[in-house]
């Protein structure tokens, strides 16, 4: 009871000792709003429900004894299955009408809520059952509206088989038609036969009654004029019904119907003349379904021709209970609501295949209605029993069996007797069938609960309903239910495998994910073909880049490195040995991308459209050779200028482009010279110079011979496929040996013409100017052989030789024009950089308005510093140039990223070792140079420094002057600013002093690299080194108390107090420690020199012996040097 004076449904059900469902059904019939067991209702509504339920219980408890005889009659009435099937539809209609009339009198007010099914049963019995005189009276049609609604539900169950034209008539059963009485039954013997309940009618009234009552459809409509409609249907199945009514033992074998099928089986009993009201009252659509002739027979239920088991009757009772629910609504609604009711024309719509546990509970309540006497068969036996005596089983016994039946589902089939077999005495028909159905359709727990409820509440009802169940129609219902029963059994096994699958999924979730990942990986590997050979550019790649080149996942490389003891990330750079180790593990050989690749000519400057306008152009000559072999001096001699004298350190550190005009054969001829650095750090510059050259002049010092950079220059020239002219320089020096140089060059497959080869070799002296003209003549001769041509009438194309940022002029690029003519104002794109030529100057500083093929100029007007080595091309308008630049933007970003990553290049082997020792040290640098080529050279040189213990990290590298921004970055990161041939912007010096940033400026790359290496060594912890002091020999041992003192003679060096000593005895060390006491003539002294005697004492050693050798040394700190791995 709630605080507001209301009561909840579950509280009311506890008070009444009923299930929540029963109370909800009663509320529904009384139109009381109650959605669930927790809904609250007022006291008045609760009283109404109590009254309704008490009336139903009173009706149920009244006729237990009668139910038993009815059971006996039912078993007697069993008829041939064929007759039952034919008659069932018509019987339903007749039954519905007769049932309606009977139900009204039987339970005009009381059974409406819960026992409408009973009234229907009573009406069935009314034609013949003397026990229920009230029910037989059709006069109480006034009350039938409620009861009628219930019957209507049964008919609504759509029991009317397509063959039944009268089925609709029963629905209009609202009409209280008198045909319900036996007279109507007499009109249609078929109806009596078809409805199992009509069997009782047949017993008392012969064939006619069965016809009237047996219509299950008429039960749907209490007042329906179903009887008239029945005659039409009976005509179809008249013959079978007489047989069913007249025959006490129907042809159908009485199979112990499953709990659900039994209710349907009860409907067949209703087909019997006396029992037809039962099917009607069984708004549970099962009864109606059973009445349908086409209803399939379920396993465990009696089939046509077999006697119906008492269990069927019980099921029928359950259905009436459902009909009580439907009473609250419409009969048709009940039938529709029933899940088991099929809508097929061949089966009654109200028929429910299995009896749900809820239905069983409902049936128990209606059991209170048994006040109506069970219908009797013509022979006088009650319809409910197979034998008059057998059927009279006390309801108590049935109740006892009901709970046990579900526990033994296998017992039901045994209960189903063969046609005409007598039912087991003392066992209610509904009990076994209901249990069997419950077991088939519900889980064991639900089945037990429902069966248990039935046993407690429906003892009397069970007896009555079992008697009312029509055997023949029950058989029909059983058949119809049997079909769904099989699929249900199939569903159950199917559900088990499903559960197993679910378990597998839960158990193997991670495995499934791994499997999918492996499948995806395998698919990718199948699609991707690994290269036959891996070419590594500049001996460095990141993990991700290596993974892309090998067409594998980066995680595979990381895993491989991990197993090698190296921890890496996808952005980590790998050195060449590490790359080779990883690639070989995946079966791909590694070939280092030699700088020769950079020297190859990748783009043909001459196009097909230029062929008609080609003219001879000046050659581009690159002067190459080892450092200090005289390349720039040779060019000075040719140009008659002194460039080498003004260059820092006397060495060239970036490419110089010069154009020289000479007189050849009386005609002026031009030659463009490119001077490349000879230092090993400028390999990339030499490669770029070779890439654009037409002729390579190899300078070799006669007194030095072939050196490493000489060999590199030879490889560049061969990669560029350009002819080589050898200039043997410094022939004027002492020790010069041109012949030795020729011999060494021949070892490199460069054979002099004098020795029968094809390589021109000219001995020259740049200082004295010897043979310079001969060298120029040889260059022009080779040029004529090469037939160098270009089209000056087209837009210019060429290569960026060098680029830098000038603080006054902005970005400046040295351009070599290889085809066409470059003019002031031209719009050009150099890689991803857009530019418009604002001004051009030649090597002498003279301004030019245009420059033709093979011209080398410095151009101003670029948006940013272009990359050295990029090719440029002039476009007719700025729009088209911007389109090209936009397409190259992504590549440019990748290039910049590569440059940044170059500053972080790490040898993973060294890094992992440092990390394990906790000694990983870094030197942060900010590098600014005059030109980009210098930046590349310095970065390349830094890569050559040992990195086992200290890693150089370049935070920023760019051409240009040192700015205040650079100083701020260095202050924030603790970096050192290194400038190469550059200056500091205004404010940068002041900012550096204020923040304490170290700024170093260099003009020679040697010094820069030396200082950086020293700085790296400064980060290393100094190491302790043993420094020998002297040696002494023990001559005597003196014991002083517990200790001993050794009298020694200094044989070499000296001994100092507190120094480290090592005592050797027979070449073995017996003690090593500190010298604690040093005395001479009983005086403590700090040291004793060679040739003197002294006494030595050590606190931790007293086992002195004569002839022991004492070695004295001290530990000193020493600066460590970088050790290469």
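Glycine is treated like the rest: Cβ placed from N, Cα and C.
Here Swiss-Prot gives region 'G2' for one range in the set 650-654, 655-659, 660-664, 665-669: that range is 650-654. Counting only same-chain residues 6+ beyond the ends of the compositional bias 'Low complexity' (32-41), those with a CB under 8 A from a CB of the stretch are 2, 4, 6-10, 12-13, 20, 23-24, 48-49. In the three-state DSSP scheme, residue 631 (GTP binding site) is classed as helix. Sequence-distant neighbours of residue 731 (GTP binding site) (same chain, 6+ residues apart, CB-CB distance under 8 A): 702, 738, 763, 764, 765, 770. The binding-site residues considered are 625, 628, 631; of these, 628 has the fewest other C-beta atoms within 10 angstroms of its C-beta.
The DSSP secondary structure for residue 625 (GTP binding site) is strand. Each residue in the region 'G3' (675-678) has a pLDDT score, and their mean in this model is 62.
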